[in-house]
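Summarising the annotation, TrEMBL assigns domain 'STAS' to 513-636. Positions annotated as transmembrane segment by TrEMBL: 57-74, 109-128, 134-154, 166-186, 243-260, 272-293, 318-340, 400-421, 427-446, 458-485.
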Amino acid sequence: MSPASAEAVMVVAMPPVEIHRVCLPPSKTTFQKLKQRLSEIFFPDDPLHRFKNQSSFTKLVLALEFFFPIFNWAPTYSLALLRSDVISGLTIASLAIPQGISYAKLANLPPIIGLYSSFVPPLIYSILGSSRHLAVGPVSIASLVMGTMLNNAVSCSADPILYLKLAFTATFFAGLFQAALGLLRLGFIIDFLSKATLVGFMAGAAVIVSLQQLKGLLGIAHFTTKMQIVPVLTSVFQQRHEWSWQTIVMGFGFLAFLLITRQISMRRPKLFWVSAAAPLTSVILSTLLVFLLKSKLHGISIIGHLPKGLNPPSSNMLYFHGSYLAVAIKTGIITGILSLTEGIAVGRTFAALRNYQVDGNKEMMAIGFMNMAGSCSSCYVTTGSFSRSAVNYNAGAQTAVSNIIMASTVLVTLLFLMPLFHYTPNFILAAIIITAVIGLIDYEAAYKLWKVDKLDCFACLCSFFGVLFISVPLGLAIAVGVSVFKVLLHVTRPNTMVLGNIPGTQIYQNPSRYREAMKVPSFLILAVESPIYFANSTYIQERILRWVREEEEQIQANNGNALKCVILDMTAVTAIDTSGIDAICELRKMLEKRSLQFVLANPAGNVMEKLHQSKILDSFGLNGLYLAVGEAVSDISSLWKAQP
C-alpha cells in the first residue's frame, strides 16, 4: 500500500469527532487587565497572600516577619541552634579574615577595608536576609571589577584618597541600585546575566586574577595595572630582574599547601574544616616565618601597619559631585549586578539543599541596604560568598546568627589583633586569592553548555576571551550582548514546523520527531512556537508561504492529493499584537488567491480576544476557527465529502 493510500485509509477510519466552539475569555475592563498584568509581572509570588483575613495584630506581626526575617526564627531560637551557629561562625571567620584582607588588595584598597567589610554588612544581613546559610563579605569578582574600573579612571597609588572616596561612592550606588530592584520588584533585570555568560566571565576573571597575583608570588615591585592577559604576562617576564627567590619558594610552597587542603575537602566533604582553616593557618605560619627571619629576608614585601579600632564613619567621603561621579555610578551598578547575581544564586543553592525558600526580592533589599550602610562605615561592595557559604553550610549553620558570630570575631580582631598582621607577607595574600578564584573555573559547566546549546557556549567563550584580551567590563558587556542577541534571535526567528497525525489518535506532532506521525492528505498543518509580534510577523508569514510552496512541489512530484487547506496550530502562540494580526489577515488573503482555505486552531485566550476585537475572525467564516487541530481536520474533511 502506498503512503498516500495509507494516509487516506487512516483518515477514513478515524471515528467522528465532536466539534467544540472556541470561546472568548471572560470580559474584563482595561483597568482589570492592567491590574492583572502588573500583578503577574511584579508580584508573581503574591507576597501579600498571608495577610488576607487576618486580625490587625497578626498583620503587624506578619509585616515585621516580612520586612525583618529575623523575627521568623528568633522567637524559637534555642541553645542547641546557638551551639551549631557558634561553631560555623568561628569557622567562617577563620576564612573571612584572610580573605577580607586579600580581596581588599584585589580591589586596590587598603587591607583594613576588607576587614571592615567583614564586620558591618554581616550584622545587617543577619537582620534583613532570608537565607540561613549565606556568609556575607567581600568577594573576588566584585573586588576585581571595582578595582579595574576605578583604577582606569583614578590611580590608586597617585591619589589614594580620591580612589577611596570613589570606592565608597560606588558601594553606595551599588546598594541603592540593589535595594531599588528589590523594592520595585525588578529582579528580572539581573536575569540578563545568563548562566552561560557568568560561567565564561568568572573563568576569564579567575585566570586574570590568578595571573595578577604573580606580582606577589614572584616578589615583583613594579607591575602593570592593566587587567588583560597580554600586558600581565609581558610585565611578568619584563621584570624578571625583580624576581625574589625567597618569595618564590615560600609563596609557591604555601600555594601548594592551600591547593592540597582544598582538594582534600573537595574529595572528603566531612573534612571541610581542613580547607576552611588553611588560609588563617597559612597567614599565621607565614607571618611567623617572616618575623623570625626578617633580618635575613630583605626582599619580601609585607602588609605593614594596620590601624586598630572599629570602622570609622565614611559618609563624609561619599562623592556626589564632580567629574568622577559617572565612573562611581557605573562601577556601582555593574558591581551591584554581579554581587547580587552571585549572592542570590548562592543563597538559593543552599536553601534548596535544606528545603526552604529564599525570597529574591528580600535578598535584593537586604544586600542593597547592607551595602548602603557599609558605604557609610568604611566598607566596599559585599555579598554572599560561595566559598564561605559552603563552609558555613558544611559546618552546620542553622540560622543567620553564624554571620553575627563571624562579625563578632572580626570585631575582636579589629580591636586587639591588628598589630599581629604587620609582618604578614603579600605572597600569602596572593596564594589565598589564587586558591579562592581557581574554583570559579567550571570546566564541567562549559562542557555541558557545548553539549546542550552551542549558542550558549558561544556566549560563554565570548565572555571568557573578552575578559582575557579586552577588559573585564567590556568582556561582560560582550557576553550580555551575545545573550540578548540570542533572545532576539529566538523572538525574531521563531520555530515553525509541519505536523502529522499519529494514527488512531487525535494527536498531531512533528513527523521528524515522531516517525509514526503521518501527513493528512489535502491538509498542511503548521505550528508556530512563539508569540506573533511586529518583530517576527513578516518572517512567520514568509516562512508559512514557503511551507505551502514546498508542500505543493512535493505533492506535484509524488502525484499526491491536491492541497486544499492550511491549518495553523496556535497552541504555542501565547500573544499577538496588531502587526501579527495584520500578518494573519494578509496570509489568509494570499492563500485564498491560491484557492487554499486558511484555518486557525486553538488560539490562547488573550490571542482569541485580540482576534475578536480586530474583527479579523469575520473574514474566516464559520469553518475558519477550531478548538483543536483534530476537530478542524475531521469537520473540514466531512464537509468536503458532503459536497457533490
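Cβ atoms are placed via backbone N, Cα and C, with glycine included.
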Looking only at the domain 'STAS' (513-636), what are its DSSP counts of helix, strand and coil residues?
59 helix, 21 strand, 44 coil
Is the count of Cβ pairs under 8 Å between the transmembrane segment (400-421) and the transmembrane segment (109-128), pairs 6 or more apart in sequence, 3 or more?
yes
Name the range, of those listed as 166-186, 243-260, 272-293, 318-340, that has the largest tally of Cβ pairs under 8 Å with the transmembrane segment (427-446).
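By the under-8 Å Cβ criterion, the transmembrane segment (427-446) pairs most with 243-260.
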Short question: which residues 6 or more past the ends of the transmembrane segment (166-186) have a Cβ under 8 Å from it?
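The answer is 42-43, 107, 109, 113, 146, 150, 153-154, 314, 317-320, 324-325, 327-329, 331-333, 335-337, 339-340, 360-376, 378-381.
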If we skip the immediate neighbours and take only residues 6+ beyond the ends of the transmembrane segment (272-293), which ones have a Cβ under 8 Å from one of its Cβ atoms?
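Sequence-remote neighbours of the transmembrane segment (272-293) are 91-92, 94-95, 97-99, 250, 254, 257-258, 261-262, 264-266, 300, 302, 390-391, 394-395, 420-421, 423-425, 427-428, 431-432, 435.
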Checking distant contacts: for the transmembrane segment (243-260), what same-chain residues at least six beyond its ends satisfy Cβ-Cβ under 8 A?
216-220, 275, 278-279, 282, 285-286, 289, 297, 299-301, 425, 427-428, 430-432, 434-435, 438
